[in-house]
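*Asks:* Handing you a structure now.
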Amino acid sequence: MPEYLTLLLNCPLVIATIFIAGIGGTFQYGYCVSVMTSPSGFIKELVNKTCIHRYNLSLEQWHLSLIWSFTVSIFCIGGLIGALVAGSLISKFGRKRCLLFNNFMAITGAVLMLLSQTAMSFEMIMAGRFLCGLNSGIGLCAHTMYLLECAPRQLREMVGVTIASFISLGKFSGQLLGISELLGTEKNWPWLLGFISFTALFQLVTLPFLPESPSFLLFERGDRPACEKAIKRLWGNNDYSKEIEEMLKEKAALQNVRSHSVLELIQNQTVRWQLITIIVMFVSLQLCGINAVYFYSFEVFRAAGIQEHKLPYAALGTGLCELSTSVAFVSPISPISNHLLGQYIVAGLFLKSFHSSQHYLSWMPYCSMVLIFMFIFSFACGPAAGTVSLPGEIFPQAFKSAAYTIACTINWTGLFVLGMIFPVLVENLDSFCFVIFLFFCVVAVIYIKFIPETRNRTTLEIAAEFDRIHSKSGALHRIAFPENNLNGVKTYETKF
């Protein structure tokens with residue numbers, strides 16, 4: 001048995017924390033991304049019925065597409081706002097309490113969507129999606145911080161991968177419950193949208209039995225006895241005085257580091273290439289086409305030539321593919337070193353964009369579906385596993401908060417834009433809409449070749465490598481680190 005599994009089995013409360021935090025954390029995000037696919041026809045019908053009932057007006061197809069796109073994409077507006085306020089809420093209320101309060105937004109949004117058909121109000125679905133977006137934006141941050149801070153250092157890398165696994169589980173659950181044999185029917189689709197209230201309620205009932213994050217108790221509250229008690233509950237009744245002393249040293253080091261604002265990060269020349277890297281990687285993460293497949297998987301497979309009655313099961317296969325891949329790759333794969341995975345994505349999209357010959361060959365739709373699964377597999381075992389943690393790997397401590405803010409803003413904004421424009425692209429370009437995604441994948445793969453490897457390197461070493469690669473003169477800039485920083489690197493002279 002692998003060593004990390006043995007260590008994990010010796011910490012049963014950590015296992016419970018992984019499940020409880022995940023089911024009310026990133027699971028909600030994954031579920032909300034995929035759940036709108038199955039009831040799309042019923043929701044459009046509700047929109048049209050509502051307008052006829054209120055205004056005696058039957059909407060044209062493009063009107064319906066616009067309202068439908070906004071209903072899908074308003075989730076991203078809520079997510080962006082949630083991500084921007086998450087940091088202050090987590091610092092003020094704590095990781096655990098923030099997750100607890102966050103469930104009320106999910107429950108309220110789910111109830112609104114559940115009652116939308118009875119009230120004949122598609123606006124209630126929009127309001128519910130917005131609240132679920134707020135829940136997901138806050139939950140992504142709170143779940144990540146809480147889980148990593150509750151896990152022993154030896155398990156943090158493996159535990160971190162479960163965050164992406166619960167996103168995949170959420171996507172798969174939304175697709176599974178959306179088939180016609182379960183909740184994907186004209187009568188039951190409101191229950192499909194309202195299902196997240198049950199997962200939120202589950203976390204609301206079970207999370208109070210778990211301890212608060214030890215790091216929060218020590219760093220934010222300054223309560224060492226409570227920190228020691230939480231560690232013993234999570235990791236067992238051994239002597240963890242060494243770990244606590246290391247945490248105290250970390251706290252002392254962080255007191256000497258001033259966090260820079262987003263504007264200061266943008267203006268700072270010494271981390272310019274790191275900033276460009278974050279922008280390129282997170283834009284590519286959204287515009288590689290993966291979320292278009294999940295938001296509008298029926299439209300994607302319909303454009304690929306899959307028969308109408310087989311669409312729910314084809315969409316279900318995408319979620320199962322990503323879930324099985326994310327579970328299989330327990331050890332994270334660095335997105336920087338895996339050039340081949342990026343090329344896989346490009347190859348899959350390139351072939352997918354030229355499946356227009358499906359009208360002439362009966363077997364081409366199934367070939368297109370296989371290529372989509374190849375694309376999802378490549379995404380799940382490469383970019384999905386490592387891009388999220390990239391800001392923390394390539395930026396010094398002083399810039400990490402601002403870097404994550406920029407990354408989250410790009411992530412949610414890209415998701416919103418994609419949700420709005422993709423139906424229009426499908427209607428006008430058909431299968432060739434994937435050529436646009438192909439362009440961004442090509443740009444990402446080319447840029448990846450100029451990014452240094454991050455694994456087992458300090459931020460100072462990574463910064464020096466960035467300068468070596470991109471500086472014409474070959475002169476290395478110096479980045480200021482406090483004398484007692486986390487890596488034990490002494491202060492270097494800095495030019496601003």
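Easy rule for this one: first residue shown is 1, then count along the chain.
Positions of Cβ are set from backbone N, Cα and C atoms, glycine also.
A TrEMBL annotation is a machine prediction, not a hand-curated record.
Straight out of TrEMBL:
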| type | residues | note |
| --- | --- | --- |
| TRANSMEM | 7-31 | transmembrane segment |
| DOMAIN | 18-456 | domain 'Major facilitator superfamily (MFS) profile' |
| TRANSMEM | 66-87 | transmembrane segment |
| TRANSMEM | 99-120 | transmembrane segment |
| TRANSMEM | 126-147 | transmembrane segment |
| TRANSMEM | 159-179 | transmembrane segment |
| TRANSMEM | 191-210 | transmembrane segment |
| TRANSMEM | 275-296 | transmembrane segment |
| TRANSMEM | 363-390 | transmembrane segment |
| TRANSMEM | 402-423 | transmembrane segment |
| TRANSMEM | 429-448 | transmembrane segment |
*Asks:* Could you check if the transmembrane segment (7-31) is in contact with the transmembrane segment (191-210), meaning 3+ Cβ pairs under 8 Å among residue pairs at least 6 apart in sequence?
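*Replies:* Output yes: the transmembrane segment (7-31) sits against the transmembrane segment (191-210).
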*Asks:* In terms of Cβ proximity under 8 Å, which residues at least six beyond the ends of the transmembrane segment (126-147) contact it?
*Replies:* 17-18, 21-22, 24-26, 28-29, 32, 70-72, 74-87, 89-90, 95-96, 98-99, 102-103, 105-106, 108-113, 116, 159-160, 162-163, 166, 193, 196, 200, 213, 388, 408, 412
*Asks:* Is the transmembrane segment (66-87) packed against any residues at least 6 beyond its ends, judged by a Cβ distance under 8 Å, and which are they?
*Replies:* 29, 32-33, 36, 40, 43-44, 47, 59, 98, 122, 125-126, 129-142, 295, 401, 405, 408-409, 411-413, 415-417, 419-424
